[in-house]
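Below is one structure, written out as structure tokens; comments come after it.
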Amino acid sequence: MDTEMETEQIYQVDVGNLLAFNPNHRFPSAPSSRGELVKEILTEGTKLVQEIANKLFNFPSTETNDGPIVQLPPPTTKLPREKHIPRPKPPTKWEEFALKKGIQKRKKEKVVWDEQTNQFKRRHGYDRVNDDNDVPIIEAKESDEPGVDPFAKRLDDKKKRVGKQEKNRLQNLKAAEKAGALPSHVQLAATSLPISGTKAQPKKIGKDELGDVAGLAATSTASGGKFDKKLPGEKPPKKQGKHHKYLPVVSGRGDVNAEKEQTNNVLSKIFSKHSHEILNVGKAINMYNVKKEKKKSGRSDKLKPKKDITKKPANKAK
């Protein structure tokens, strides 16, 4: 019991985080080398791990196929955050207006009574209330202009409302980005916002890069942009992909010649590029001149009279 009390006083164990440390540890003397320091750290770390294991075995466990499982208690040590605390977002225009007028947000029901069909329908989504397809008649108003299609005007007004909402959303994101409260998973391409707050602001996209991106987007359809409707003033993409023509798998008439021609074209391109490496012109000229000299010397030897081997050479008078 005394040893357990001593270890509890020496070590502080947080089983919830599987953390143990000794706040009173002191080196008896300064380590003279790195190896001695590592040895001391491993010795002390082994004691701390053993203390955590002793605490775990004191908790009740349940047996499973993978082995005993222990329910850990809640942690007692507060670990520091890796990221800073999220900054509050600036209020949007609607939130400022609602706060000024005292408008409180209330939860709306998902199902609403539709007077056109006399039944309950969803507020949003498929088969919703006040759907444009379910409106057979639109009552005329005194302010309506003659000759204007009310159904087309209804769709046009809806597009304008959606565009205005999108514009307000982008402005809210810009304001949040200026305040440093934009979420890291949101990226606004219109303002070139970075993906993470820790990254530097990206450079402005140049004209060539925009052209490359537009060309990739134009050729990303199933037909490679061939049958797509062109916008007014749209230029053809600069970098158009080339389709590689493969030879047929099943051998037929003329396939051998086509394959031979294709191989010869590849070899001719390789040889033309590296012809200066394959043929040494100076060395070839020297070899040609040497062979020519040898041929000349061989012809002159044939014209000379042959010596009589049987005759002995005459001794010169001393």
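Cβ coordinates are placed from backbone N, Cα and C, and glycine is handled just like the others.
According to Swiss-Prot, the feature region 'Disordered' maps to 59-92, 139-170, 217-259, 289-318. Under the heading compositional bias 'Basic and acidic residues', Swiss-Prot lists 151-169, 226-237, 298-311.
With DSSP classes pooled into helix, strand and coil, the tally for the compositional bias 'Basic and acidic residues' (226-237) is 0 helix, 0 strand, 12 coil.
If you look at the compositional bias 'Basic and acidic residues' (151-169), the same-chain residues 6 or more away from its ends with a CB under 8 A from one of its CBs are 92-94, 132, 135, 138. Within the chain carrying the region 'Disordered' (59-92), a Cβ under 8 angstroms from the stretch's Cβ atoms is held by residues 14-19, 99, 168, 172, 175-176, 179-181, all 6 or more beyond its ends.
The DSSP breakdown of the compositional bias 'Basic and acidic residues' (151-169) into helical (H, G, I), extended (E, B) and coil residues amounts to 19 helix, 0 strand, 0 coil.
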